[in-house]
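J.: So that we are looking at the same thing, I have put the structure below in structure tokens.
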Amino acid sequence: MEALQIIWFLLIGVLLIGYAILDGFDLGVGFWHFFAKKKNERTAFIHSIEPFWDGNEVWLLTGGGALFAAFPPVYATVFSGLYLAMMLVLLGLIFRATAIEFRNKVDHPGWVKAWDFAFAIGSVLPSILYGVAIGNVLQGLELNAIGDYTAGFVALLNPFALLCGLVGLAMFALHGALYLSMKLDAEIANDARKWAAKAWYVFLALFMIAVILGLKNCIYGIKAVPVALIILALVSNVLVFMFNKKAQSKAAFLSSCFTIAFVMLAVAGALFPNMVPCSNDPEWSLTVFNSSSSQLTLISMLVIALIGMPLVLGYTWFIHRVFKDKVKVHED
């Protein structure tokens, strides 16, 4: 039974890492929407992610479904206790989706600018809130004996959580800039590399501050595995800088993928075996071992996952293979 519980903890982690890497560049592209100078550049930004964004969100939906089925108490605590935060994430994703679909339906400057703004906000808001959520979980949430979240929404907006929100935004902004440098041609690709260089410094500074504060205030004690993963994240991030400086866009983007993966793995390693730690009483924490479904449910889901995961991976590889060419930036 314990092996199944750990397997599902790892599988959900893989799904969330996949989402962070794939939708991370979508969200990052939306952030740089604020900085594009011309309409044709913003149009090219959207075209660069248009074939992928909805498929990338499948990873989040699958991760949420897996969490609901494998660890129902964790799902109930997170999605009911953090209801307002989750609704804001959903609102941001809706803004982004509608902006992509409706932006070019009417050829009017006001219409286009409004949807450009909605696209940018719909990308920035989830980026920050994902980081805020991770920051709160790392600190532990205030729960009662039955696992209900007892603090309010304002309590989630504490300094460390907000710092983690900025880390998430900077990480996705860097990832998005590297994606644009890889997918776009002409002068805008060079601009994207410059944006990536600036975002790299911001992400590194914020990440190191968060790591230092996180280790200083860690309620679980400092563990070797997450520290090793943090070091690997820093190494891959140095490679991002080196490859971006040499204009090796694909290598820089791939290194960024590894950076995100190592950061997410470090978070999982720091938490394990907790999934929702309780800050006021560790005995009330929701763990991998006290919050899982029955053995039959976990086995049945594992069979489904072994069939479904290769299909999702195959689709993801296929769609990126088909739309692998660069997006041209046309003159207005």
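Every residue gets a Cβ built from N, Cα and C, even glycine.
Pulled from TrEMBL, these are the listed features:
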| type | residues | note |
| --- | --- | --- |
| TRANSMEM | 6-36 | transmembrane segment |
| TRANSMEM | 82-102 | transmembrane segment |
| TRANSMEM | 114-133 | transmembrane segment |
| TRANSMEM | 153-174 | transmembrane segment |
| TRANSMEM | 195-215 | transmembrane segment |
| TRANSMEM | 221-244 | transmembrane segment |
| TRANSMEM | 251-276 | transmembrane segment |
| TRANSMEM | 296-318 | transmembrane segment |
J.: Please identify the stretch among 82-102, 195-215, 251-276, 296-318 with the greatest number of Cβ pairs below 8 Å relative to the transmembrane segment (221-244).
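T.: Most Cβ pairs under 8 Å with the transmembrane segment (221-244) come from 251-276.
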J.: Are there residues at least 6 beyond the ends of the transmembrane segment (82-102) whose Cβ is under 8 Å from a Cβ of it, and what are they?
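T.: For the transmembrane segment (82-102), the list is 26, 30, 46, 49-50, 53-54, 57, 115-116, 118-119, 121-126, 129-130, 132-133, 149, 153, 156.
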J.: Considering only Cβ pairs within less than 8 angstroms, which of the stretches 6-36, 114-133, 195-215 has the most against the transmembrane segment (251-276)?
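T.: Answer is 6-36, with the largest number of Cβ pairs below 8 Å.
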J.: Mind checking which residues reach the transmembrane segment (6-36)? Cβ under 8 Å, same chain, six or more beyond either end.
T.: 42, 45, 48-49, 52-53, 55-57, 59-60, 62-63, 66-67, 70-71, 96, 116, 119-120, 122-124, 126-127, 130, 169, 171-180, 188, 192, 195, 253, 257, 260-261, 264-265, 268, 272-273, 275, 288, 292, 298, 301-302, 305, 316
